[in-house]
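> Okay, so TrEMBL annotates it like this:
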- 3-128: domain 'Dihydrodipicolinate reductase N-terminal' (DOMAIN)
- G9, P10, R11, G12, K13, M14, E38, G99, T100, T101, A125, P126, N127, F128: NAD(+) binding site (BINDING)
- K41: NADP(+) binding site (BINDING)
- 131-264: domain 'Dihydrodipicolinate reductase C-terminal' (DOMAIN)
- H155: active site, proton donor/acceptor (ACT_SITE)
- H156, G165, T166: (S)-2,3,4,5-tetrahydrodipicolinate binding site (BINDING)
- K159: active site, proton donor (ACT_SITE)
Amino acid sequence: MSIRVAIAGPRGKMGAEAVHTVMKHDKMELVAVLDYKEVGKTLADLEMFPASYTAPIFTDMHELVEATAPDVLVDLTNPHAVYNHTKEALNLNVRPVIGTTGFTDAQLDELSAMAKEKELGCIIAPNFAIGAILMMKFAKEAAKYLPDVEIIEMHHDQKLDAPSGTAVKTAQLIQEVRTSKIQGHPEEKETIEGARGAEFDGMRIHSVRLPGLVAHQQVLFGGDGQLLTIRHDSLNRNSFMSGVAFCVEEVMKMDQLVYGLENII
Ligand SMILES: NC(=O)c1ccc[n+]([C@@H]2O[C@H](COP(=O)([O-])OP(=O)(O)OC[C@H]3O[C@@H](n4cnc5c(N)ncnc54)[C@H](O)[C@@H]3O)[C@@H](O)[C@H]2O)c1
Ligand SMILES: O=C(O)C1=N[C@H](C(=O)O)CCC1
């Protein structure tokens, strides 16, 4: 039986790729999409999609679920919309696969409790690219031996949240193995505010935003007379799509929330 999939944010850079991925997948059916405004009756009304894409467009999640009964909601929208979408989906017994970044810790805790209570699978994946997951895993391993670390994430200039979800997740994974320490000179002083980047448990995170970039991250470890750099580059959004398809299949087997693909690959 096909997995019935709905996608929120179908006109976006990631959402449009996800639409194509689900349409091509032999074990999935795209039953509906969620937009925030009236843009047409079905995807076929949008110039960006072919006439054969007949999934209906909804602007209300309750109506979408009532009319099309999806198993999974893939959300690729923005940090303002995603929390409510995830909550609504769980309330309506639809399993969320969330690629949108920008959750607070409190929101993650609340959603995790909701998924547990409902015994529903939910995946929140700051990064769907396998190379990025490996970068994070390798960075966690390296931090055991080289605890002085700074993260430089680089994204396109349309990105709304900073630091990136991947950078935050990387710092959290490192925090699990690194004895907390403040890095740099104890008396260091910023002469221009923000020069040393964001502070996370004594580590620094730097966010670069430039046209031309897609999604890139370097994790730099400094030691005595040596520097280790672990770097990942997503060169296009297709790099995320096998991860999206993997999550749609995986979430159907789960009964709780998982934050980060490193927990399930
Ligand atoms: N997890 C990953 O691997 C991964 C990879 C790339 C991007 N992202 C994240 O995915 C999100 C989307 O990225 P993007 O580059 O496609 O952005 P985008 O701006 O191109 O697309 C976002 C889309 O969401 C739509 N939207 C906004 N509010 C909405 C709402 N309330 N309901 C329905 N649709 C709504 C917008 O119309 C837009 O089409 C961002 O949070 C980004 O950080 C995650
Ligand atoms: O393009 C974006 O925006 C991306 N966001 C994710 C993040 O915040 O980590 C992952 C990569 C692309």
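Cβ atoms are placed via backbone N, Cα and C, with glycine included.
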> Can you give me the same-chain residues 6 or more apart in sequence from T100 (NAD(+) binding site) with a CB-CB distance under 8 Å?
G9, D75, L76, T77, N78, P79, A81, V82
> Listed binding-site residues are R11, K13, E38, H156; which sit with C-beta under 6 angstroms of ligand 1?
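Result: R11, K13.
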> For the residue listed as 'active site, proton donor/acceptor', just count the other CB atoms lying within 10 A of its CB, please.
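Other Cβ atoms found within 10 Å: 22.
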> Considering the binding-site residues R11, K13, K41, H156, which residue's Cβ sits among the greatest number of other Cβ atoms within 10 Å?
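Ranked by Cβ atoms within 10 Å, first place goes to R11.
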> Around the (S)-2,3,4,5-tetrahydrodipicolinate site formed by H156, G165, T166, list the extra residues of the same chain whose Cβ is within 8 Å of the site's Cβ centroid.
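Sorted by sequence, the hits are T101, P126, N127, E153, H155, K159, D161, S164, A167, A215, Q217.
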> Please list the recorded positions from T100, N127, K159, G165, T166 whose Cβ falls under 6 Å of any atom in ligand 2.
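List returned for ligand 2: N127, K159, G165, T166.
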> Near G165 ((S)-2,3,4,5-tetrahydrodipicolinate binding site), meaning Cα within 10 Å, which of K13, A125, N127, K159 (recorded positions)?
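The recorded positions close to G165 ((S)-2,3,4,5-tetrahydrodipicolinate binding site) (Cα within 10 Å), listed in sequence order, are A125, N127.
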> Going by C-alpha positions, which of the binding-site residues (K13, K41, T166) is nearest H155 (active site, proton donor/acceptor)?
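Result for H155 (active site, proton donor/acceptor): the nearest of the binding-site residues is T166.
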